[in-house]
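Working notes, structure below.
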Amino acid sequence: MEIKRAFELGREYYKESEYADVNREMKMILSGILDIEESYLIIHNDFDISIDDEKKFFEILERRKNGEPLQYILGHQFFYKYDFIVDEHVLIPRYDTEISVEALLKVAKAGDEVLELGCGTGCVSISLALECPNLNIDCVDISEYALQNTLKNVEKYNCKNINVIKSDLYQNIDKKYDIIYSNPPYIPTEDIKDLQKEVQHEPMLALDGGADGLDIYKRIVKDLDKYLKDKGFLILEIGYDQANDLVNLLKDYNTCVLKDLSGHDRVVIATKGDMDVRKFRSF
């Protein structure tokens, strides 16, 4: 079977699916199976695929048809500037979360102590560490699976300035930080059943934010003063309709809300120190 025929058959498989960018998926699947650059697929679309690779291709299409996320099938996801190992026990990195990395880079200074609560794959902290190797970063998660996934990515990129800790939020933390970051579960429990089929394959621990979606935010803010330095920054990723709730939770702080590329509220920044919002106008 030629590559161009694989594309045609793939489109047929996806005809009635909820996945919008079929061509993008085909490129990712075929480049992964054949271990070649995506550009090669277009230039050499008459290249013959082996019987074994053809079998793998259709197996992946069947798994996708059943809603399994492509990132879990392929075992990786590109995020920010880097490619991260991903398995079915962690939340898949989203492009919208790259706004969080940009925000962290705007406030981080050499020598800062940084804490990430709920590291998942470790993609945010590792991206930050690779861009700013003079930071000291602690990544925590309650999930042993997430910690192992983060450690794989830390080792992949040889990040010497990242420490991985098992902790339920601040439970095993005993110092203060210049920056605390989190992208916690924030979907209201009742809304989870209405999520896309593929999102429902992701771990509930990383999705379910309680009745109002704010359970973990409330816990983070409740003890924030014990773990954030006086003029430190808290940076939180939020759901598109949660900005007002978070600003109210952080009423004792100066706050700034950043939008993602779709124009939705995506990140809240809070500090008791001065905040120059002009830093974030390019977002």
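Positions of Cβ are set from backbone N, Cα and C atoms, glycine also.
The S-adenosyl-L-methionine binding site annotation in TrEMBL covers G118, C119, G120, T121, G122, D141, N183. In this structure, T121 (S-adenosyl-L-methionine binding site) belongs to neither helix nor strand by DSSP; it is coil. Neighbours of T121 (S-adenosyl-L-methionine binding site), defined as other CB atoms within 10 A of its CB across all chains, total 25.
In the three-state DSSP scheme, P184 (substrate binding site) falls into the coil class. The feature substrate binding site is assigned by TrEMBL to N183, P184, P185, Y186.
Positions annotated as domain 'Release factor glutamine methyltransferase N-terminal' by TrEMBL: 10-75.
As annotated by TrEMBL, domain 'Methyltransferase small' applies to 107-190. The average per-residue pLDDT of the prediction over the domain 'Methyltransferase small' (107-190) is 98, rounded to a whole number.
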Substrate site, defined by N183, P184, P185, Y186: further same-chain residues with Cβ within 8 Å of the Cβ centre: G118, S182, A206, L207, G209, I216, Y217, E237
Integer Cα-Cα distance in angstrom, D141 (S-adenosyl-L-methionine binding site) to P185 (substrate binding site): 12
Lowest local Cβ density (other Cβ within 10 Å) among binding-site residues: G118, C119, P184: P184
Other CB atoms within 10 A, centred on G122 (S-adenosyl-L-methionine binding site): 30
Non-site residues, in chain order, whose CB comes within 8 A of the mean position of the CB atoms of G118, C119, G120, T121, G122, D141, N183 at S-adenosyl-L-methionine: V90, L91, E116, C123, V124, S125, C139, A146, T150
